[in-house]
Amino acid sequence: MNPWIDISQPLDNRIAVWPGDTPFRYKVSWSKEESGSVNVGEITMSTHTGTHIDAPFHFDNDGKKVIELDVNLYIGLSRVVHLPKPSSIGIKELSGVELDGVTRLLIRTDAWADRSVFPAVIPEIEPELASYLAKKGVRLLGLDLPSVDPLDSKELTAHHELTRHGIHILEGLVLDHIDSGDYELAALPLSLVEADGSPVRAVVRRV
Ligand SMILES: N[C@@H](CC(=O)c1ccccc1NC=O)C(=O)O
Ligand SMILES: [Zn+2]
Ligand SMILES: [Zn+2]
């Protein structure tokens, strides 16, 4: 049996966050010395830090929250496609890629090279890709990028189009060492009742 490979960003106090967003912090708020028995930690973070999923509520006040998302989307067969440093990702870029029967598509771009700093520009997902992928049966799109829209976008067109076509979003993957091919994926969100997004521990294993 092939081993599981971690494709998540490690969460520590140095992780790059969206400009102006809450810094990640972990601290022991009640130490073993203080409590007499245990270390108890406390985490402060944005729901969009590191490897995470977006719930539609992130960009739509009437959209689903994390707890309402179907867990089956985030576990199962996936296809990794390596498109090195594209300027954008559209139907043309994926035209040579077999996608029939692919439910979960992970795109490796290598475009966020230094993950210790937030990128200045990223390849964008062309909104037309949403209907193309939906017709192929894709329900989850994952990327090694912090967003599926340009970083300065206020409209978040790709987020909206993907959601309108039933495609869920997984961002901030680490795919540097993952070759194109088929994998089993697990990237479950936490059962956050009110949330617009959730960190995930994402892992793949070759099938
Ligand atoms: N859409 C991005 C996040 C995002 O837009 C964002 C995250 C944190 C703080 C501000 C953000 N956007 C707009 O200013 C994402 O899905 O992760
Ligand atoms: Zn996000
Ligand atoms: Zn997003």
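Cβ atoms here come from the backbone N, Cα and C positions, even for glycine.
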- Query: Say TrEMBL lists ASP54, HIS159 as binding Zn(2+) 2: which of GLU68, GLU171 is in the same site, per that record?
  - Reply: GLU171
- DSSP, reduced to three states, assigns TRP18 (substrate binding site) to coil
